[in-house]
């Protein structure tokens, strides 16, 4: 009875066995290319169930598809090929590719994957550690660093742009200085630490602690599986102004008065040291049929109610775009109730003009930012100033224009694709 009880206590739970991770295979020294005749050490670190402690712990080693005879946790090898290891009850480890060279010069790169923000170290090594002179490092055929003698090339914070094919060249004294020699090219890939974030509007059931009438935005991203424990911080912006600086929370509540300008928001994700920073695109409002679409829900969302036609304040509307372009635009007298001018061609924050309108845009109309209003006022001021200049420089011409019954022409520049004007009430 007692031996059976002991066995039951040593057996891992089914949940623990189901979550066994693959062992970690490491290389010492950490270079994937060595000279012929050299040896390196491979070490396999993995989880071993307690039940197996009753027997000698066994580690399986593979060279390609060949099972090696050793069952130790570490082995010394000098044969080129692809190595893997496996512990009982766990999957096979990730591979390590070992290369053996007979050249005078080799370029050594680390075996472990290099992620964004981490240092990338390259080592140009002469035959059995002979000193290399006039050392050059190349990235995709372009020289990136020069050293007088043997030295490592280090990129302190690697980026995706640092991926590519590397090579080194130099001379050695054997016994006199040789002609420049080149190593074989080695491919290096900098892994993405996390994806570029995407800003989205959270539904009523997803939002937590949202202020009444506000809208909760979430900055979503995904870490690499091998770096899923890396902490990230998030910041939120409205146009170029930070509405919340970097913090650990991935959510931000937009106050109710600012709900109408949701498309002017974007976010940024970064590591705690800011070694890797990535920004999101502008917020894209939900399309038709989505859970956040006001027309597809029985209870309207707070931001949908705030954007209803009867609740939104007055705003300038962008005139429709036409293919025909008029040459000039008429301007009324200053004594009239308004002044006509061409619409601004400045870009606005939000989706492109060619994107199909969403139900929210059809019901609430185009949301114009303060920047567009400022540009329109500047154009109005430009028109008034042009009339003042005309009166100062050409008084006679102005009197002749005033004496004619026809409406004077405008001195405004017409932006392409603006067939009509928008009156602004004075």
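For all residues, glycine too, the Cβ spot is worked out from N, Cα and C.
Feature annotation from Swiss-Prot assigns compositional bias 'Polar residues' to 406-426.
In sequence order, 23, 24, 25, 59, 61, 73, 74, 85, 86, 87, 93 make up the list of same-chain residues 6 or more apart from residue 44 (disulfide bond) whose Cβ falls under 8 Å from its Cβ. Annotation source Swiss-Prot lists disulfide bond at 44-85 (among others).
What Swiss-Prot lists as disulfide bond is 124-168 (among others), and the listing cites sequence analysis. Cβ neighbour count for residue 124 (disulfide bond): 23 (other Cβ atoms within 10 Å of its Cβ, all protein chains included).
Residues annotated as domain 'Ig-like C2-type 1' in Swiss-Prot: 23-101.
Annotation source Swiss-Prot lists domain 'Ig-like C2-type 2' at 103-189.
For 152, the entry in Swiss-Prot reads N-linked glycosylation site, with the evidence type sequence analysis. In the three-state DSSP reading, residue 152 (N-linked glycosylation site) counts as strand. Sequence-distant neighbours of residue 152 (N-linked glycosylation site) (same chain, 6+ apart, CB under 8 A from its CB) are 121, 122, 123, 124.
As annotated by Swiss-Prot, region 'Disordered' applies to 400-426.
Residues annotated as signal peptide in Swiss-Prot: 1-17.
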Averaged pLDDT, computed only over the residues in the domain 'Ig-like C2-type 2' (103-189): 95
Chain-internal residues, separated by at least six, CB under 8 A from residue 168 (disulfide bond): 105, 107, 122, 124, 132, 135, 136, 137, 138, 153, 182, 183
The domain 'Ig-like C2-type 2' (103-189), counted residue by residue under DSSP: helix, strand, coil: 6 helix, 46 strand, 35 coil
